4 protein chains.
Amino acid sequence: MKIGFIGLGNMGAPMAHNLLKAGHTLNVFDLNPHAVQSLTAAGATAKETPKAASTDVEYVITMLPAAAHVRAVLAGADGILAGIAKNVTIIDSSTIDPASVTTFAELANLNGNTFVDAPVSGGTGGATAGTLTFMVGGSPTAYEHVKPVLQAMGKNIVHCGETSTGQVAKICNNLVLGITMAGVSEAMALGEALGIDPKVLGGIINTSTGRCWSSDTYNPFPGVIETAPSTRGYTGGFGTDLMLKDLGLATDAARLARQPIYLGALAAQLYQTMSSKGAGKLDFSAVIKLYRNEGDA
Amino acid sequence: MKIGFIGLGNMGAPMAHNLLKAGHTLNVFDLNPHAVQSLTAAGATAKETPKAASTDVEYVITMLPAAAHVRAVLAGADGILAGIAKNVTIIDSSTIDPASVTTFAELANLNGNTFVDAPVSGGTGGATAGTLTFMVGGSPTAYEHVKPVLQAMGKNIVHCGETSTGQVAKICNNLVLGITMAGVSEAMALGEALGIDPKVLGGIINTSTGRCWSSDTYNPFPGVIETAPSTRGYTGGFGTDLMLKDLGLATDAARLARQPIYLGALAAQLYQTMSSKGAGKLDFSAVIKLYRNEGDA
Amino acid sequence: MKIGFIGLGNMGAPMAHNLLKAGHTLNVFDLNPHAVQSLTAAGATAKETPKAASTDVEYVITMLPAAAHVRAVLAGADGILAGIAKNVTIIDSSTIDPASVTTFAELANLNGNTFVDAPVSGGTGGATAGTLTFMVGGSPTAYEHVKPVLQAMGKNIVHCGETSTGQVAKICNNLVLGITMAGVSEAMALGEALGIDPKVLGGIINTSTGRCWSSDTYNPFPGVIETAPSTRGYTGGFGTDLMLKDLGLATDAARLARQPIYLGALAAQLYQTMSSKGAGKLDFSAVIKLYRNEGDA
Amino acid sequence: MKIGFIGLGNMGAPMAHNLLKAGHTLNVFDLNPHAVQSLTAAGATAKETPKAASTDVEYVITMLPAAAHVRAVLAGADGILAGIAKNVTIIDSSTIDPASVTTFAELANLNGNTFVDAPVSGGTGGATAGTLTFMVGGSPTAYEHVKPVLQAMGKNIVHCGETSTGQVAKICNNLVLGITMAGVSEAMALGEALGIDPKVLGGIINTSTGRCWSSDTYNPFPGVIETAPSTRGYTGGFGTDLMLKDLGLATDAARLARQPIYLGALAAQLYQTMSSKGAGKLDFSAVIKLYRNEGDA
C-alpha cells in the first residue's frame, strides 16, 4: 500500500519502520530532520509538508503528542485535508480526547475521507517489536479496511465500536490503571508500616481479590516483582507525565459527559504532586514514594 | 484434636461443621441456640460459656464480628482466659484491627497461651466447601502448630509473619479491593456515557493493564461477567457493609500508623454513601450505581 | 469615551447599560438580535461584526462564555484585531483560563494593543446594580487606564498584578468557595444525622473557627440563613454548572502548573454528580443534597 | 461550690486554676504529681483516686485526652461512679466521640447522676485567660445547672441541645476547619505558582466569597496575616496531631451514622501525611507545605 506517515517520534518512528519492513511504500513528514533521515535511509520518501505527504496515498497515519497537533496537521495551512484525494482513510494513532476525534471525523467526512481513531498500548517496546495493541474506533467497514495496515505494526487489532470509541477504551483502561497503581501503592506502604514483609503481602494480594496488573506485574514496591520498574529505580516504564496526560483526558471527557470520576480525579492529583516534585519522567509506579516515609514535610 | 469453637455465625457454623467432618472433637459456644443446635446435632458438645467451651481442649477458635466481642470472650467474666489451661493455642479468625491483636496476644501470653490471628477470605461459600484461605500471623512454630487444624477448614494456609500480620494482610488486600472496585465502576460508567459497549470495554480492560479481579471476575457492570453479582441484581456476594467494615479497619490502622490512604479513605465514603441509601446488604460492586445515572441508588 | 462592547448576555447586557448610563458612547455586537435591540433602544449603535464594533473606539470590552469565544472574536475572520486601531485597550471580562489570557495578550501586543483581563464577581445582581468587583490583570499603567471605565460598572476595581492575575485571583477564590461549600454541606448534614439542630450548629460554626461565607451568608442547609438560596429551593444564586466551569478552569490551570489541588478536584466531582443528576441549574449550595439522605438529588 | 477536677494537663490545669480564682473549692486528681502540686499550691486538695476526688462534691469535671481515659476514670476500679453521691453532675470537657458520650450518660444515669458533655474551643490561651467557649450537650435544666460553674472558665457557654450535641458541634466545626484550611492552602499555593502576589490574593479572598477564618485570621501562607502561626514558622497554634484527632472523631462518627464526608476524609489523609513526615507538632496550617514545591519526591 501507499501510506503517508506524519509524526516520527519515539512511537511513530518504529511504527513507520515496521510498515516499511512489511513492504508498504511510505511518504513521511516530521519537523525533526533526524527522525526523517532514519526513515529515508530505510526507504521512505521525505515530504516537506503534511499535505505533500498525503498526496497520492491510500492511507494517512498520524502519531502526534496532542489534539492540537492533530488539528494543525489535519486542517492547518498545508494540512492533510488540503492535499488528500477522496476516499483516502486517515488513521490517527495519537492518544487524544474523544470529543476532538468526533470533530476531526466530521471534518474528514466533509472532505470525502474516513477518519479512524486507533490509539495504541504497548509502549516503545511494543512499537519496535510490532506487537502493539490498536484500539480502533470506526464503522465495521472502516475497521476491516485499516486492519491489514495496522497488523504490520501490532499484534492485537481490537474493534471498539464507532468513531471515538478507540480513544474511549484507551482512556477508560488507563483510568483504571492510574487508580489501581495508586491503590496498590497505599496498601503496600501501609503493610510495610504495619510490619508485614512486602514480598509476602504482594504474594497474598496477587493470589487474592486484590489481584491486578499494578500488583502482579508492575508492583510499585521495589523487589516484589523482579521485572518491574520499581526494582530498577523506577526507570524505563510508563512515565508519570504520560499517566498525567491520560488522566487529564479522562478528567476532561468525564467533565464533558457530566460523569463523576472521584478516584480518578484524586489519583490525578497524586501523579501531579509527583510531577511537581520533579519526578515526571520516572515510571508512574514511583507514586508509592508519596506513601513511604522517606522525606520531610 | 479437642477444640473449643466460639462464634457459630454465617462463617463460624460451616467452619465448625468441617472440623467435625475431619474427625475433631468440638466444644461449641454461641449466644444463638439455633446455631448451637445445628452443631450438636452433628456431634459437637454445647457449653454454657466461652470459659466452659475452652476447658480441657488443645485449641480454641474464635470467629466473631468485631474486636469488642473478641475482647469480651477472651477477658470478660466467664471468658476463655479464665478457664483455659496453659499451652493451649487460641486461633482468632475474626477480622479485627492489628492493634487489638497485639493486645490480645499479650494477654494470652501472660496467661501462658499462644494467640494466633488467622482471618479468612473466601466467604460463606468457601467456609462451607472448606476452601477458605487463612492468613496466619504468629511465630513459625505457632504457624506449624495451627496449620493441621486450619487445613480442615481451608485450602490455603498462608504464613504472613509475626503476630497481627494475618490481619494486616487481609486489611491491605481488601483496601486494594475496595479501591479497584470503585475504580472499575467509574471507568465502566464513563465508558458507557461515552458510547462504548460495556462488554467490549470490559474485554479490553481485562486483557490490558487495567486488568484486575474487580473487572475480570467481579465486574460491576451487569452482563459483562455472567457469574458476577452485578448480573444477578447485586445479590449474594460480599456485602457493602462488610467492605465498609474492612475499609474502616484499614482507615483506623492507617491513622494509628500515621500512613495516608487517600484513595482508600475516599472509597470508604463511596461505600458509606451506598449504605446510607439503604444498599448496605447489596454486593459491594453495587457502588457503580453512584456513577450510572439511574437516580437513586 | 467611545467603547466597543462584544457579548450582551446575562452579564454583558446590564454592564453595557451601565456604561451608557454613565455617558459613554457604545458600539455593540452580539449574535442574539434581541440582546442587541435592548441596547440600541438605550442609545447604543449596533454593529454587524466584532471588527466593526471595535473600529474607531478607545476601548473594547468582551464578555463571553469561554476562551474559545474570546479567541474567535479576537483573532477570527472579522475579529477585533483586524479592525482595531493601535493603542486601543481590550478589556476581557470573561472568566477564562490564565494561559489563554497570556496568549491573547501576546496577540494584542503584536497588533499594538493592550489586553487586560478583568473578570468579575457579583453575579447578575451586581451587574445590574453596577456593584461588581473587577479583578484586573495588567501593568499599573493599564490598570489606571481601564479603571475609570470599569468604575461605571463596578464598585471595587482591584489590581491583582500583571497580565492574567485577574483570572488567577478569580479562579483561586472560587476554588476556595467550591471547597468550603461542599465542606459546610458535609458538616451540616453530619450534624443533622447526629441530632443537633441545624440552626444551632450553623450559629456555632459562624462564631467559631469554621466561620466562612459558605456558612454565614450562603449556608446550604435550608432555614439557617433566611436570605440564602437554600431557603428558597436553591433557586436564583450561582448555578452548579457555573461552579463546575470555574473548578474546571482551576483544575486545568493546576494541571499546567503541576500543582496538586486534592480537595478542589474532589469537590469538582461532587458538583459534576449534581449536574449529571439534572441539578446543574440549581444554586451550587444544592450540593448538600448529596449528603442528606433524601434519595435522588 | 465543691468540685472534683480530674485531668490537669495543658488545658485542665489552667481551667482548674480559674475555678479556684472564682472561689470554688477543689478536689483534684492527676497521675502527674507536678500538675497536682501546682494546684495544691493554689489551694486545691489533692486526692489519690478519681473516686476520692469525687466524694462529697456537687460537680465533677473531667478533662482527659480520649474516650478510653474518660471510661476508665468513670467506670474503672476506683472510678468516679464508685464514690460519687446521687445527684452530682459530671461535666466532661474532653473532646471525644458522641457515641461514647451517650454510653457514659447512660452509666451515670443508672447511678443517679447527670452527665453533661461540654467540650471547649479556645486552646491553652483561652483556658488560661478564662475565655473558652463551652459547647454544652444536656437537658435545659442540666445546662442551667452547669452554666455558673463553666462561666468561671469561659466566656461563651453555648447550649447545643441534648446529651452529646456538645461533641457534635465541636466535631462538625472542626471538620469545616480542617477542610477550609486545606482548601485555602491549595488555592494560595496555586495562586503562587500562577504568579499572583500571595498578599494580594489573600486580600481578594478575604473580601470575597472565599472568605473564611482559615484565610482571614489564620492564613497558611507566611506573611499574609501577621498574627497567624504561618508567619512564625507554624509554631504555637493548633497542632496537626490535634486536628488529626478531631478529624478522626468526625470520620468515626460519620461511619457510625453512615454519613459520607468526602472532603473531610481526604483532608484527614493530608494531615496524616504531615504527621507521618514528623510535622505533627506544627500548627495544622503547615499543611500548605504539601502544596508548595519545597521538597523532593
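Glycine is treated like the rest: Cβ placed from N, Cα and C.
Among the features that TrEMBL reports, domain '6-phosphogluconate dehydrogenase NADP-binding' is placed at D:2-161. Mean pLDDT across the domain '6-phosphogluconate dehydrogenase NADP-binding' (D:2-161) comes to 96 in this model.
Taken from TrEMBL, the feature domain '3-hydroxyisobutyrate dehydrogenase-like NAD-binding' covers D:165-291.
According to DSSP, D:Lys170 (active site) is assigned to a helical segment. Long-range neighbours of D:Lys170 (active site) (same chain, six or more residues apart, CB within less than 8 Å of its CB): D:Thr95, D:Pro119, D:Ser121, D:Met135, D:Asp246. The feature active site is assigned by TrEMBL to D:Lys170.
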For the domain '3-hydroxyisobutyrate dehydrogenase-like NAD-binding' (D:165-291), residues assigned helix / strand / coil by DSSP: 88 helix, 3 strand, 36 coil
